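Worksheet: the structure to be examined is printed underneath.
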Amino acid sequence: MGPFGALCLAWALLGVVRACPEPCACVDKYAHQFADCAYKELREVPEGLPANVTTLSLSANKITVLRRGAFVNVTQVTSLWLAHSEVRTVESGALAVLSQLKNLDLSHNLISNFPWSDLRNLSALQLLKMNHNRLGSLPRDALGALPDLRSLRINNNRLRTLEPGTFDALSALSHLQLYHNPFHCSCGLVWLQAWAASTRVSLPEPDSIACASPPELQGVPVHRLPALPCAPPSVRLSAEPPPEAPGTPLRAGLAFMLHCVAEGHPTPRLQWQLQIPGGTVVLVPPVLSKEEDGGDKVEDGEGDGDEDLPTQTEAPTPTPAPAWPAPPATPRFLALANGSLLVPLLSAKEAGIYTCRAHNELGTNSTSLRVTVAAAGPPKHAPGTGEEPDAQVPTSERKATTKGRSNSVLPFKPEGKTKGQGLARVSVLGEIEAELEETDEGEQMEGQIPADPMGEKHCGHGDPSRYVSNHAFNQSSDLKPHVFELGVIALDVAEREARVQLTPLAARWGPGPDGASGARRPGRRPLRLLYLCPAGGGTAVQWSRVEEGVNAYWFRGLRPGTNYSVCLALAGEACHVQVVFSTKKELPSLLVIVTVSVFLLVLATVPLLGAACCHLLAKHPGKPYRLILRPQAPDPMEKRIAADFDPRASYLESEKSYPARGEAGGEEPEEVPEEGLDEDVEQGDPSGDLQREESLAGCSLVESQSKANQEEFEAGSEYSDRLPLGAEAVNIAQEINGNYRQTAG
């Protein structure tokens, strides 16, 4: 037993050693198996790892893809470290087998799409590190199966928003890192502000959980967001034409339109869901385009052959069709950019439930309408009878079919904005929008235009039976009642639109097939068409069927300053009445603004310039003068007066102590010779001469200025008996009575 047991032990140890791959180091400590494969430059998860490994470190490698089944043999792993491993892709199901996983580190990688569904099997997970990746979204239910998760780190990613209630299922969460994500702070993120203020979860760096957009909130922390005007969507659904009563079937062959109006903030996104006999159809309206040159928004779409996919024509000005009369196939449904849904031709195939769904960041709302279509009946007249369809229709039924058109104008509400009385829409580039009349060939004409409706003979240079040219209405926007044989009136020609009105037509409308004007087409009413063509010829730009009871038609999307012609004809025949007109030239709005601004600027500047010139002329002197001061030779008398009245000399004399008359024996004090004073001055500093000259010049200037005042002149004159300030009567006692002493010049 001893040798056999030792052999078994050696074999077991050898098996364990062989179970660890060569680049990795496997260590068994504390009843846990550690597999260290970090910093080995591995490109794949190594195979042959021990089945009982509990901690697997694959950090700092080059494993770009975590493939499905990579951990199928190590299902007992509780800690998986994959940081800094350049992981880009995690295949779905790669982590789902690790049901005992508690710690998962996928930080500092390049993961943009993560299989969040794998976390549903990791109910024991306690630590999840997904920071420093490229995650762009976090589904609301991604963390719903992690009740034991304590630490979640999803900072430094590309998260722009978080769904409300994302962290509600994390009852054990105590640490959450959300900072350094480019959050879009809108109504969808308001809940995070309230949650962060009330939660007990630790949120490091709250000021770094900030907004990256919109620009006005960039850099604002989420917990300091201002109040935002938010409202969930509300939906209103209406039909045109509206049903007379709920559940009333609509007549087949009508053009049916549903208008869906959704309100909310942010602006809700719309979606149509149609439950029709052929199945369920989902339509998403196109994004509303910006206003074009003419200021009109795109309203109508044009099919591209697919019955269920809506399309939209975005050309501001219609272009001639490449080939006529082959029109493009009309789609069954058109989802318009303004939220409306158009059914060009209603039939039993379009009956069903129409649902408009609106969604924004705060929720979803929807409303539905059931549409029923009446079954098509037999023909209302026998072929070859020569009777019109409406001749045998009862009066009550005829009134019901023409309800709302008693004023001979079909109400029309353009998409977006409506002004004044509406007109019947005109088809653009072969698009059928007018209601099809019921004829004996109605079943064959559904979704098609009449054969050869706009050939070259309608808009070319051929000789029609009658050609009328009228340009009078171009000179004014007033109605010009120029009535022609078939009653054509053109009015309100603008830069990009023209309205054409037809007077009531006579019973015998146009010639018959044999050319006789009095003949009537046997079996059916003649199909009347209205074309808009370039005046120089070519294929028609727009056309419309002349409907019974509709006498006004609106041509839009025209080119400014272009010649057009309106042609009134029968189907398949040449033009019988043609009116030529020109659209007005469009004056650029910028030019008008600049012109008016320049005019107002000139009007306001000219008076100011005139006033400024008058002010300058009034202030301008007649002859300029300049004051010139020239030095003059000092006058001897002025020199003497300046010496006698020198305040410094007076001050020196006052400081001397004179003896009393009695004590001095009545002797007069000796006078200091003036020559001695002059010599002292001359022997002094040369700067004294300069100061003396400056003082003399100043005295002369003062005297010249004092001449204007007689009193000042007398005070400064040598003939004045007033004593200057500082002079003593003792020194000038001899000169009081006019006994002036002559001094040597």
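Here the Cβ of each residue, glycine as well, is placed from N, Cα and C on the backbone.
Reviewing Cys185, Cys356, Cys459, the cysteine that Swiss-Prot connects to Cys260 via a disulfide bond turns out to be Cys356.
Note on the domain 'LRRCT' (181-232): DSSP counts are 21 helix, 10 strand, 21 coil. On the 0 to 100 pLDDT scale, the model's mean across the domain 'LRRCT' (181-232) is 92.
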